[in-house]
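Asks: Here it is: the structure, laid out below.
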There are 2 protein chains.
Amino acid sequence: MHRQIMAQKPSIPKGTRDFSPAEMARRNYIFDTVKEVFQLYGFQPIETPAMENLSTLMGKYGEEGDKLLFKILNSGDFISKVDAEELLERNSIRLTNQISEKGLRYDLTVPFARFVVQYRNDISFPFKRYQIQPVWRADRPQKGRYREFYQCDVDIVGSDSLLNEFELVQIISDVFTRLNVNTVVKINNRKILAGIAETIGEAERMVDITVAIDKLDKIGLENVNSELIEKGVSETAVEKLQPILQLSGTTDEKLDQLEAVIGASEIGKKGIGEVRKLFAYLNTVTLNTDVELDLTLARGLNYYTGAIFEVKAKDVQIGSICGGGRYDDLTGIFGMPGVSGVGISFGADRIYDVMNQLELFPESAVATTKVLFVNFGEQEESFCLPILSKLRQAGVNAEIFPEAAKIKKQMTWADRKNIAWVAVVGEQEMAEGKVNLKNMKTGDQKLVDPEELINILSA
Amino acid sequence: MHRQIMAQKPSIPKGTRDFSPAEMARRNYIFDTVKEVFQLYGFQPIETPAMENLSTLMGKYGEEGDKLLFKILNSGDFISKVDAEELLERNSIRLTNQISEKGLRYDLTVPFARFVVQYRNDISFPFKRYQIQPVWRADRPQKGRYREFYQCDVDIVGSDSLLNEFELVQIISDVFTRLNVNTVVKINNRKILAGIAETIGEAERMVDITVAIDKLDKIGLENVNSELIEKGVSETAVEKLQPILQLSGTTDEKLDQLEAVIGASEIGKKGIGEVRKLFAYLNTVTLNTDVELDLTLARGLNYYTGAIFEVKAKDVQIGSICGGGRYDDLTGIFGMPGVSGVGISFGADRIYDVMNQLELFPESAVATTKVLFVNFGEQEESFCLPILSKLRQAGVNAEIFPEAAKIKKQMTWADRKNIAWVAVVGEQEMAEGKVNLKNMKTGDQKLVDPEELINILSA
């Protein structure tokens with residue numbers, strides 16, 4: 001190793017993060033909650049390798065995505081076979097093909113599609129899987145955007161049933177109820193958007209129209225109309241769009257008004273039917289989460305073919321914390337057409353930020369060791385070790401300071417580690433066969449015998 | 001995307017693996033057990049990024065290790081700044097420095113050392129951390145050796161106390177007791193090996209001598225002696241080594257014999273003292289695991305400075321399934337000398353193989369959904385959904401087949417997913433307000449009302 005490197009303060013690549021024990025506890029609280037709910041609904045985990053063949057990844061995320069893939073340099077003498085002309089051409093993209101065969105996964109969707117196709121003969125469809133793993137993107141790092149971050153995806157593939165959409169909304173509700181985050185689930189359907197565009201004679205303008213609807217609250221009806229015309233939507237089309245821009249009432253009423261306008265469009269009608277059925281399912285259960293139809297939801301329109309979901313936190317201004325939808329051709333890119341699926345993805349980083357900001361992490365989520373035995377030396381240690389051992393047998397997270405340091409140091413250590421209780425045994429306690437148990441939060445102290453100590457701490 | 005790629009059956013890079021739900025359940029059983037025990041002993045998790053700066057990784061694993069690092073190609077136009085001469089020289093190693101700044105972590109030790117130095121002002125020492133993350137090595141893939149695999153490390157840094165070694169042995173015992181794997185923990189101490197080498201006047205021959213001791217059982221004393229002389233160890237030295245080659249009795253007796261021979265060596269004496277103290281600690285508790293002194297243990301001699309640990313499964317022929325030791329200078333390479341630590345690493349893949357081979361995974365570890373509701377159509381679905389919802393509220397993992405497929409298909413699906421119970425509701429059951437509950441293992445069926453069903457399944 002070079003001397004100049006030794007002298008540098010070590011650091012990590014920009015856009016990446018280390019997670020401290022305190023952060024890990026909070027993150028695991030989120031992940032554990034999510035996993036538990038996924039399993040409650042019959043989903044099972046899979047994992048795929050961090051590295052995929054570039055042939056699997058390239059061309060799946062658009063030209064920009066290809067650039068944002070982290071590529072792995074081939075091992076060994078990668079450069080010897082590249083011809084001189086090619087080298088001197090200095091085309092980084094072309095050269096990459098010659099010296100790199102693998103890349104880091106960019107999301108969990110493409111690896112999942114690859115997985116489904118690769119193991120199609122072993123999988124029992126419908127296949128309900130979840131996957132919680134990091135992904136990597138060579139994006140420009142900025143606040144809240146990282147080059148390595150966890151995705152947390154749950155999908156059902158191989159079933160067209162709307163029952164799946166219903167289950168996913170319940171999962172969303174269950175997860176955020178458990179996490180104590182107030183949310184609203186917004187639901188749209190790409191078929192409705194297509195129906196609107198078709199009805200007004202602007203089938204290619206689906207995105208423009210959705211963006212326009214989205215701006216209604218901010219800039220008002222007149223400005224929306226002008227914008228549409230500026231963008232080249234015909235006056236007749238804008239005219240036809242008016243009732244849709246002014247939908248009101250309950251979800252059912254909105255759907256009725258919508259049907260009156262776009263009911264003649266086959267795809268539009270189908271979309272309305274799907275939304276009606278999903279809301280009918282939702283009406284059979286009591287959810288802690290608001291669920292609303294939102295025609296402005298234009299997430300993943302190149303990708304989703306049916307339902308579109310987006311979840312917003314009610315008490316914090318932040319982008320969506322969960323989203324997803326139905327796609328009708330997940331695996332076609334790998335030569336296996338006709339596999340329909342629906343899935344959602346939880347944004348762990350944003351959920352973390354919301355919960356941190358609202359101080360929603362419960363004590364139990366950040367609890368560490370329950371009790372620390374202070375260490376005063378060999379004799380006291382001998383007295384404490386059997387008690388420690390019994391505590392652990394009783395399932396109590398417990399530890400002893402590994403050396404006879406000053407008590408102040410040991411107490412500070414316990415405090416910084418957020419340990420709930422400290423057990424102090426000095427000469428006097430030993431003589432009495434007792435332990436002085438201190439509650440680190442209240443400061444209360446109590447002289448107890450070892451059995452009592454175990455009872456208190458394992459309660 | 002190119003057509004020829006679409007036609008290919010998708011695959012993953014050699015040496016990497018996908019994990020199916022069944023494999024994940026088993027792996028998570030191991031990881032969850034390990035984590036639970038780590039926390040029982042007061043260790044806390046951290047995570048570090050998959051990518052580290054190459055300046056952090058290079059030179060830490062020897063020249064061979066440098067080659068086995070997976071390197072990430074710089075993003076963007078990485079080649080434009082490399083000069084023509086350099087390019088045409090075609091030296092892959094030198095070129096790598098120009099076009100790559102980051103690599104995938106090769107182990108968890110160097111990132112941990114980097115972490116400790118980087119956050120030295122925030123960490124309360126002694127720092128007890130565990131870390132369970134994948135690592136990547138561009139090794140030639142072969143049976144049981146992968147290019148991506150999980151490491152599972154637990155370390156205490158910033159404490160010289162032998163109490164830490166004691167705790168780690170207890171952790172080993174607790175983990176393998178919980179996993180039901182019969183093991184023996186072998187303990188050595190590098191200081192003893194150094195003392196032996198010093199005593200016989202062959203301080204540089206520590207490894208040769210250890211290897212020789214290791215062969216004793218296989219090739220016999222005479223052959224070992226000849227081998228040592230062949231390797232250039234002096235006859236006098238071999239002579240002096242004889243009592244050590246013939247140590248016998250209990251650990252205490254062995255240590256006494258050893259002390260008689262190497263007691264004059266300061267380092268040797270220190271090593272004996274450390275082992276005595278560790279065994280004295282171990283004698284205060286009842287472990288389910290055998291623990292023995294094994295002077296042949298030569299693991300990581302370039303690295304460890306005190307205790308050396310290795311754990312063998314008793315009932316399967318396989319390499320060590322856990323190992324570690326004390327190191328006196330973890331962070332010196334990053335300019336922070338004098339931080340002593342001790343740690344062990346669990347070999348998840350080997351533990352998995354041992355448990356699979358011995359069929360040690362309990363039912364509960366591989367259990368998935370507890371009950372599947374068969375789906376016969378809309379009406380039956382409406383009857384089942386509220387029961388399903390109540391089951392989930394009671395914490396029972398439950399699902400309904402998402403569409404009204406043939407019953408045979410649904411039963412096969414439940415069977416392949418290893419679901420314990422199937423609930424069948426047809427016209428007759430609906431009329432009676434009952435559910436036909438089938439135990440998938442015994443085949444027993446029982447007509448129960450919904451409350452009874454919930455009681456049975458949440459028991």
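Every residue, even glycine, has its Cβ placed from backbone N, Cα and C.
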Asks: According to TrEMBL, A:ASP107, A:LEU108, A:THR109, A:GLN151, A:ASP155, A:ARG299, A:TYR303, A:TYR304 bind L-histidine; so which of A:ARG90, A:ARG94, A:ARG120, A:ARG137 is the extra one listed there?
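Replies: When TrEMBL describes the L-histidine site, the candidate it includes is A:ARG137.
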Asks: Indicate whether A:ASP107 (L-histidine binding site) is helix, strand or coil by DSSP.
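Replies: DSSP call for A:ASP107 (L-histidine binding site): coil, neither helix nor strand.
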Asks: With every protein chain in view, how many other Cβ atoms are within 10 Å of the Cβ of A:THR109 (L-histidine binding site)?
Replies: 23
Asks: Would you work out the biggest C-alpha to C-alpha distance among A:ASP107, A:LEU108, A:THR109, A:ARG137, A:GLN151, A:ASP155, A:ARG299, A:TYR303, A:TYR304, the residues that bind L-histidine according to the record, and give it in angstrom as a whole number?
Replies: 22
Asks: Highest CB neighbour count within 10 A among the binding-site residues A:ASP107, A:GLN151, A:ARG299, A:TYR304?
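Replies: Per the Cβ count within 10 Å, the most buried is A:TYR304.
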Asks: Give me the mean pLDDT over the domain 'Aminoacyl-transfer RNA synthetases class-II family profile' (A:1-386), rounded to a whole number.
Replies: 92
Asks: Can you see whether DSSP assigns A:TYR304 (L-histidine binding site) to helix, strand or coil?
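Replies: Note: A:TYR304 (L-histidine binding site) is coil by DSSP, not helix or strand.
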Asks: Specify the secondary structure state of A:GLN151 (L-histidine binding site) as given by DSSP, simplified to three classes.
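Replies: SS state of A:GLN151 (L-histidine binding site) = strand.
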